[in-house]
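Below is one structure, written out as structure tokens, with a few remarks after it.
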Amino acid sequence: MTSLSKSFMQSGRICAACFYLLFTLLSIPISFKVGGLECGLSFTVTLFTLYFITTTLNVLARRHGGRLYIFFTNCLYYSQHFIIASLLYLFLSGFSNDELGNVLKNKYNESESFLEALKNSLNSNQINYVLYYYYYRFVVQPWQFVLTKSTPFFTLSEGFFTILAIQAVGETNRWLSNDLNSNTWIISSLLTSGGVITASLYYLYRIYVTPIWPLSIQTASLLGLVLSMVCGLGLYGIVSQKGSVIESSLFFAYIVRCIYEISPKLATTATDEILNLFKDVWQKHQRNLPTADNLLCYFHNVILKNAEVLWGSFIPRGRKKTGDFHDKLISILSFEKVSLISKPFWKFFKNFTFSVPLSINEFCQVTIKMASESVSPAIVINLCFRVLMFYSATRIIPALQRKNDKQLRKSRRIMKGLYWYSPCILIAMYTHLILQYSGELKKDLCIWGCSEKWFGVDQPEIIVDSWGFWNWCNIFCTILVYATELIGSGS
């Protein structure tokens, strides 16, 4: 395979990945916002299953199949990107029906088996909704259960991977400053650290003054303990030269972010404030720029009008006197008669070239409007942050492990498998964030007195908020991991 064909295939994969990311970011929130919880869960588990099956077939074909099977599975894998919109429309149209809602609420014929229900409903108009119900019951509900119980995994793994990324940034900055002997990197790292610490202190101040999250005595005490430990670890890393200024500032900023994540409403408000600030700055600078028409208006007002003027210049304005045979032949084949014949084609071409982009523009505007009303900036920012941390971990962990060639190849195969199944991980992560910020996750978590068998009789139940509890666990686990790395590492 030539380098040109490899570059072409790589470009195609990148375009398909961007197309998939865009459609995933837009379609999943729309399914939850428009269709409801059941529609969103059904749509996401269908996407997850499709990507899991096609990825597995692709991996098996690459390992055991020939070129024909590899080509077929590749086509199957990349073609599913184009059916996301059709799947979204299918589930939106299905769950918008009132009959299906009644079926889901009343648990339609729960005593019957799946085959019996299908057999009894063959002559009924509700066969599609029966299929929807059982699909929801046997596929979607386990998916919802897994997402509900996966909060500790996503939260704690994010903290661990973030520590790896922070230390990788610190090592890179240390190499740029010492090995290259460049004062520019030292000054830039100090300026960056100062900006990060200033922004973190500002948003830490907002936590104490905002009425969105009322602080109790226990919460304020925990915050004071956490901030004291973080500042102490940061100063210890700088003084002992086991860390750096950029590491300490990023670590402090991440802990402040985790504190915001304890309250989803607080995190959403902070994200909206940041985006509104960027929006105000952009609008202020945009007023100073000369406004111009958009591309479609330019296409209609300039290009089409110039084409009409050019076309009209070919048409003779007056009739000339024709005396000889040559002039008669020219008059027969004149531009006037040619224009009469080709005028309908020109009108069709003109209307087609304007109406089709206009319809596409209207469709895109409707989609963007639905997406803007459905997509939460806090969810997208959290998703991008988690994807970045998880991707960084897949690069950092193999680099930290000193292995022989055989173990290194095995580690690379594992990381390659993670890359192959990354769409499934992304769908699960995105759906979990949407459920978290919409309040659909199980909020109550019993940590004491839940079972008489384990805790004994007459033990008081201690029930806490699930999301807040696991975020506090993430904060303390992250501090513990970073402290272990600082104390256990050499200077």
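Every residue, even glycine, has its Cβ placed from backbone N, Cα and C.
According to Swiss-Prot:
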TOPO_DOM  1-13  topological domain 'Cytoplasmic'
TOPO_DOM  35-40  topological domain 'Lumenal'
TOPO_DOM  62-74  topological domain 'Cytoplasmic'
TOPO_DOM  96-149  topological domain 'Lumenal'
TOPO_DOM  171-184  topological domain 'Cytoplasmic'
TOPO_DOM  206-218  topological domain 'Lumenal'
TOPO_DOM  240-294  topological domain 'Cytoplasmic'
TOPO_DOM  316-373  topological domain 'Lumenal'
TOPO_DOM  395-413  topological domain 'Cytoplasmic'
TOPO_DOM  435-461  topological domain 'Lumenal'
TOPO_DOM  483-491  topological domain 'Cytoplasmic'
TRANSMEM  14-34  transmembrane segment
TRANSMEM  41-61  transmembrane segment
TRANSMEM  75-95  transmembrane segment
TRANSMEM  150-170  transmembrane segment
TRANSMEM  185-205  transmembrane segment
TRANSMEM  219-239  transmembrane segment
TRANSMEM  295-315  transmembrane segment
TRANSMEM  374-394  transmembrane segment
TRANSMEM  414-434  transmembrane segment
TRANSMEM  462-482  transmembrane segment
Residues of the parent chain within Cβ reach of the transmembrane segment (150-170), under 8 Å, 6 or more residues beyond its termini: 243-244, 246-247, 250-251, 254, 258, 386, 388-390, 392-393, 396-397, 428-429, 432, 436, 441, 466-467, 470-471, 473-475, 477-478, 481-482, 485
Closest-packing stretch to the transmembrane segment (414-434), where packing means Cβ pairs under 8 Å, from 14-34, 219-239, 374-394: 374-394
Annotated stretches the transmembrane segment (462-482) and the transmembrane segment (219-239) touching (3 or more Cβ pairs under 8 Å): yes
Interface check, the transmembrane segment (374-394) with the transmembrane segment (14-34), three or more C-beta pairs under 8 A: yes
Same-chain residue ranges lying at least 6 outside the topological domain 'Lumenal' (206-218) that approach it to Cβ under 8 Å: 259-260, 262-263, 265-266, 269-270
For the topological domain 'Cytoplasmic' (62-74), distant same-chain residues with Cβ under 8 A (at least six beyond the ends): 54
Outside the topological domain 'Lumenal' (35-40), six or more residues from its ends: residues with CB under 8 Å to it: 28, 91-92, 94-96, 104, 136, 140, 431, 434, 438, 440
